[in-house]
Amino acid sequence: MIDLKLLREDPDVVRRSQLSRGEDPALVDALLTADTARRTAISTADSLRAEQKAASKGVGGASPEERPALLQRAKDLAEQVKAAEATQSETEAAFTAAHMAIPNVILDGVPAGGEDDYAVLEVVGEPRAIDNPKDHLELGESLGLIDMARGAKVAGSRFYFLTGQGALLQLGLLQLALRLAVDNGFIPMIPPVLVRPEVMAGTGFLGAHADEVYRLEADDLYLVGTSEVPMAGYHADEIVDLSEGPLRYAGWSSCFRREAGSYGKDTRGIIRVHQFDKVEGFVYCTPADAEAEHQRLLAWQREMLAQIEVPYRVIDVAAGDLGASAARKFDCEAWVPTQGTYRELTSTSNCTTFQARRLATRYRDANGKPQIAATLNGTLGTTRWLVSILENHQQPDGSVRVPAALVGFVGTEVLEPKG
């Protein structure tokens with residue numbers, strides 16, 4: 001949720017953020033109205049309760065002549081308090097709904113606009129000239145790494161098996177990511193992949209995008225699309241110790257996405273699938289440290305991309321393409337030869353205090369006063385990386401060179417066609 005102090009003191013900042021995202025700025029005015037109504041209702045109910053308490057005390061010391069009128073007054077006040085409390089509950093619910101409807105306020109410098117309005121910050125490496133390149137699925141099938149047909153037979157479209165050295169390649173990639181994280185002070189975690197509704201909502205993944213999330217209705221649990229979700233919930237309703245700097249976690253999990261809005265997109269191969277594996281960095285820090293920590297996450301992502309030896313670029317994602325929780329997001333996109341373009345391999349988001357405010361995660365400032373923490377997240381390795389590895393390292397004879405950093409995990413320097 002956004003900071004109410006900011007909303008009340010400078011609502012135009014929130015309106016501009018909404019416009020940059022392509023969202024309705026009228027939601028800001030609706031929240032201001034709901035906030036005023038809620039505060040008025042609270043004040044009215046408090047005042048009536050105080051009056052009721054005073055009237056009740058007065059009955060005890062009243063004369064027989066005064067008592068009937070005072071009793072009636074106390075009864076009337078009790079009814080007024082009941083009505084005021086009902087109004088307070090209604091205004092609280094309306095306020096919460098209005099508050100939850102507004103996404104995070106973007107940071108200065110984030111490009112306005114939609115999916116195609118990103119800013120390219122850097123291009124790293126030159127795409128290699130490849131005559132008649134094969135796509136990752138053709139390579140994966142010929143090398144015995146990917147089996148889409150049996151994945152579909154078992155689970156339906158957008159499912160797959162990683163087989164043999166394909167499984168080793170992914171496991172090696174994720175182990176490499178986890179090793180990098182641990183070497184940089186992250187605590188490794190294997191979190192639950194099922195979470196309660198309040199945790200999913202707290203991270204900003206419900207609301208307008210609820211249809212993209214798998215839900216187990218009988219158990220009222222959600223399958224996570226990223227380990228960001230359980231790691232954000234890890235310190236819900238807690239005061240964390242940030243006295244020695246940020247808390248950094250690296251979560252390794254399977255991830256599940258319905259891809260409800262992607263019909264017809266990336267139907268071939270493993271670029272867009274319902275289940276994949278990922279190592280995700282997640283950070284709790286003070287709001288003052290958040291922007292510097294965002295740059296650190298990006299640097300660690302770049303270090304991982306250097307390990308797989310592929311050309312990539314870094315983009316500053318436009319406001320309209322940000323998730324509800326993100327105030328700023330950087331994507332690293334790797335070159336995909338058969339598509340002649342760059343595709344996202346990593347993202348890192350600065351969620352400022354948005355998630356922690358929803359999840360009641362705080363820290364103590366220098367004066368010992370509890371304050372809302374900031375949260376950030378960033379991909380360190382995921383299944384989709386195999387697409388870029390296979391396509392960029394393919395050889396004329398149909399083999400694929402294994403990046404040096406992964407050779408020890410896969411057990412060979414070259415993946416050879418089967419049969």
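Each residue, glycine too, has its Cβ placed from N, Cα and C.
L-serine is bound by THR226, SER227, GLU228, GLU280 in Swiss-Prot, and the record lists one more residue there from THR96, THR379, THR383, THR412, which is THR379. Separation of the C-alpha atoms of GLU280 (L-serine binding site) and SER347 (ATP binding site): 10 Å, rounded to the nearest whole number.
For ARG258 (ATP binding site), the nearest neighbour among the listed binding-site residues (THR226, SER227, GLU228, THR379), judged by C-alpha distance, is THR226. Here the candidates are the binding-site residues ARG257, GLU259, GLU344, LEU345. The one whose C-alpha lies nearest to that of THR226 (L-serine binding site) is ARG257. A separation of roughly 14 Å, to the nearest angstrom, links the Cα atoms of GLU228 (L-serine binding site) and ARG257 (ATP binding site). Those same-chain residues not listed among THR226, SER227, GLU228, GLU280, THR379 yet with C-beta within 8 angstroms of the centroid of the L-serine site C-beta atoms are VAL229, MET231, GLY251, SER253, CYS255, LYS278, VAL279, GLY281, PHE282, ASN377, GLY378. Long-range Cβ contacts of THR346 (ATP binding site) within its own chain (separation 6+, distance under 8 Å): GLN301, MET304, LEU305, ASP331, CYS332, GLY378, THR379, LEU380, THR382.
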